[in-house]
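Here's the structure we're looking at; comments come further down.
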Amino acid sequence: MKEPLKIGLMDSGMGGLSVLKELLKYDSELEIVYYGDLKNSPYGEKDASEVLELVRSVCNFLQKENVSAILLACNTATSAAAQTLRKEFSIPIFGMEPAIKPAILQNPGKKVALLATPVTQREEKLQRLKSELKAEELVLSISCPGLAGLVDQGDFDKAEKYLRPILANLQEQDVENLVLGCTHYVFLKQIILKNFPNVKIYDGNSGTIKHLLNSLQVPRVILNGSQNNRSIYKLILNSEKEFHFRLASKLLSLKE
């Protein structure tokens, strides 16, 4: 019997669980190891060099778990580490891409707001993407220090208070398209829609998972409601707080 393909996913904390949920929508017989580096979260306000070291350490751990590929299910980790680690590891390293391209192409000439961590906003990867799309004038970059940390704490009331003035300001500027440039923020979609009902939200999870499965030559068949998922996953959270394990379970079971 053929062994299932083993894939490693990593994030600074809970955000990558939104990517894991996307992966579990497919009828793909996978063995998934998820590592949440909560001990060192959040990544988004650290220096890029420190993030690189943290991500390298997690990837070394995942390689010892005998994974065949690693997905950095974290925009900050991707921005700071993906390019370097692809040269260091013999297995494929995949990363996240903010969904700026579909947002720009589907709304020609219209402004697009990008919510992301300070590291993601600063790094060359994002500047290069905006330049390739000739979208420097159209992308309104909004740095959100501390917001991912509120998701890791499960403090969605504080997250809503944090987002309200940002969303109100976007409505005043007639910005109708919002890109979530951090996998943590995907868990805030309902809060965003509650405060900004007409906004069109884009995130990179679906495109990333399609690219991952295509690259690994895994069939992309969406599960229907009655099918059982044949993939199995293991959650590793380097946290001593039982709360984090309960929160992870809650986030994985959230309806979209």
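Cβ atoms are placed via backbone N, Cα and C, with glycine included.
Some features that Swiss-Prot has for this protein:
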type	residues	note
BINDING	D11, S12, Y43, G44, N75, T76, T183, H184	substrate binding site
ACT_SITE	C74	active site, proton donor/acceptor
ACT_SITE	C182	active site, proton donor/acceptor
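Features as recorded by Swiss-Prot, highlighted on the structure.
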residue : record                 : contacts (Cβ under 8 Å, 6+ apart)
D11     : substrate binding site : L17, V19, Y34, Y35, G36, D37, L72, A73, C74, A77, T183
S12     : substrate binding site : G36, D37, L38, N40, S41, P42, Y43, G44, L54, C74, T76, A77, A148, D152
N75     : substrate binding site : M96, P98, A116, T117, T120, G181, C182, T183, G204
H184    : substrate binding site : G13, M14, G15, S18, L147, A148, V151, D152
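Neighbours of T76 (substrate binding site), defined as other CB atoms within 10 A of its CB across all chains, total 34. It is Y43, among the binding-site residues Y43, T183, whose Cβ has the fewest other Cβ atoms within 10 Å in the structure shown. Cβ contacts within 10 Å of C182 (active site, proton donor/acceptor), excluding its own Cβ and spanning all protein chains shown: 31.
Those same-chain residues not listed among D11, S12, Y43, G44, N75, T76, T183, H184 yet with C-beta within 8 angstroms of the centroid of the substrate site C-beta atoms are G13, G15, G16, S41, P42, C74, A77, T117, T120, A148, C182. DSSP gives T183 (substrate binding site) a helix state.
The secondary structure of N75 (substrate binding site), as reduced to three states from DSSP, is helical.
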